[in-house]
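What Swiss-Prot says about this one:
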type: BINDING; residues: Ala124, Glu125, Thr126, Gly127, Ser128, Gly129, Lys130, Thr131; note: ATP binding site
type: COMPBIAS; residues: 1-15; note: compositional bias 'Basic and acidic residues'
type: COMPBIAS; residues: 22-31; note: compositional bias 'Basic and acidic residues'
type: DOMAIN; residues: 111-287; note: domain 'Helicase ATP-binding'
type: DOMAIN; residues: 318-467; note: domain 'Helicase C-terminal'
type: REGION; residues: 1-47; note: region 'Disordered'
type: MOTIF; residues: 99-107; note: motif 'Q motif'
type: MOTIF; residues: 234-237; note: motif 'DEAD box'
Amino acid sequence: MTKRDLHNEGGDENKPRKKQKSEKQKKEKSAKSKSSAEQSLSYVQSPALGDVPQSEIEKFLTENSIKITDTSSENVMRPIISFSHLPPCKDDLYAPLSSFKSPTSIQSATWPLLFAGRDVIGIAETGSGKTLAFGLPCLKKIQDSAMTKQKPYRPLAVIISPTRELAMQIYDQLLKFSGSVGVRVACVFGGVRKEEQREALKTAGVVVATPGRLKDLQNDGSVDLGKVKYLVLDEADRMLDKGFEQDIKDIIRPMPVSKRQTIMFTATWPPSVRDLASTFMSSPVTVTIGGDPSADPRANTRIKQVVEVVKPHEKESRLVQLLNRSQRGVPEPEKVLAFCLYKKEAMRIERLLRTKGFKVAGIHGDLSQQERFRSLDAFKTGAATVLVATDVAARGLDIPSVKQVINVTFPLTVEDYVHRIGRTGRAGAEGHAVTLFTETDKAQSGALINVLRAAKQDIPEDLLKFGTTVKKKQHDAYGAFFKNVDTDKTATKIVFDD
């Protein structure tokens, strides 16, 4: 479906109709822009934030690598650098913030914009506090609008995430804040029965969902999205990678345009995500934390990266040696996340470590939803100190206090490598990542070397021997010959000579 079709289900049977639809879209976009401008007037900067010297604001933005791009306004809103700078709220919405020292970079930069009702694109690494960045303004918006009691099966806010685990994580975080404002939150995802989810949707003001299950519930009439005022697409790049673009378009189609605030969070900024943003968002403000998101992937500089070049048959014994060092003979065993490439490999490694006496749990595609939750819970509580995972756990999961990531097998792309090791070194902490690299991975050596150099990490001579050439990026289905094509562009007429 093209951008033109988003609010035009009737097709292009004739020219006048197409023109009429185009004019309607312009009116909708104009109404949306007007609505955003009016909403921005509702945010009043706190006097305490206004008293902060401009030099201190600029220093904060520079030190935290924050870039704010607003093409529709020359006046950039000041970041909320302290919880005391938050706008006034009813009840005890901010009470749970007492367990945090200060806002994260993404929260500081996006909160003023989101409280003002602007559409926002947030580009930041995982583990940066994105859930509260979009969650707090969402709950405050519902609270301020006195819409805590809405009609059955008609949520006011929808948050879409790529995985069940991430959806549950967002849900758990929102529950800590939603009770004080009387907003019910529902979480819907695949792999479990729909009956309980339908019951939860009846009274939910906020719905956290994976795209596949939400579309199913939407199609069978279990939820009406016609009153949604607040839409969040979390980890948009990951959802597109997983093939959810059409599902997302179908989900958004019935939502109002002029009164909807849309927020998109992503770790990368490829053309596919840019196209999605231009389709659903109106004059969004882009907030980037870190370097250029369209450039080569960069690892968190707080993570110490170690690459060991080994023979394939040496990987398992080396893994056991590394775990012996962090799990045995120490006052408190460290939490270690061990990544495998395929689920069969993960199952084999999990069995091996269990026979060696390690407290281990696993998370991969062959496990039921309940088994995956049990594994994650065991790892979070310390009942298991080693979690063996496939890349299903590589993005978005907030597992606190992970001291070390071990890549038993190198992933298919260096982007996945960066996301994997990003499970450690979160929330300002130091992290450690060990990668067991073999000759079968040599096609990725050049890209890996670039990541190591960018983070000023040591590069082993054995890795340099594989070469520094970076393999051309390929599309999953179309290989190296893939290129992005504007599907809205009129086709060129080709005439052949006789």
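Including glycine, each Cβ sits where the backbone N, Cα and C put it.
Nonlocal intrachain contacts for the motif 'Q motif' (99-107), taken as residues 6+ away from its ends with a CB within less than 8 angstroms of a stretch CB, comprise 64-66, 80-83, 122, 124, 128-130, 132-133, 136, 287, 289, 427. Packing around Ser128 (ATP binding site) is summarised by its Cβ count: 22 other Cβ atoms lie within 10 angstroms of its Cβ, all protein chains included. Counting Cβ atoms from all protein chains shown, Ala124 (ATP binding site) has 25 others lying within 10 Å of its own Cβ.
Helix, strand and coil counts under DSSP for the domain 'Helicase C-terminal' (318-467) come to 67 helix, 26 strand, 57 coil. Around the Cβ of Thr131 (ATP binding site), the number of neighbouring Cβ atoms within 10 Å comes to 24. Here the motif 'DEAD box' (234-237) has, by DSSP, the following mix of helix, strand and coil residues: 2 helix, 0 strand, 2 coil. The residues of the motif 'Q motif' (99-107), classed with DSSP into helix (H, G, I), strand (E, B) and coil, number 4 helix, 0 strand, 5 coil. DSSP assigns Lys130 (ATP binding site) to a helix in the three-state reduction. A sphere of 10 angstroms centred on the C-beta of Glu125 (ATP binding site) encloses 22 other C-beta atoms. Listed binding-site residues: Gly129, Lys130; maximum Cβ neighbour count within 10 Å falls on Lys130.
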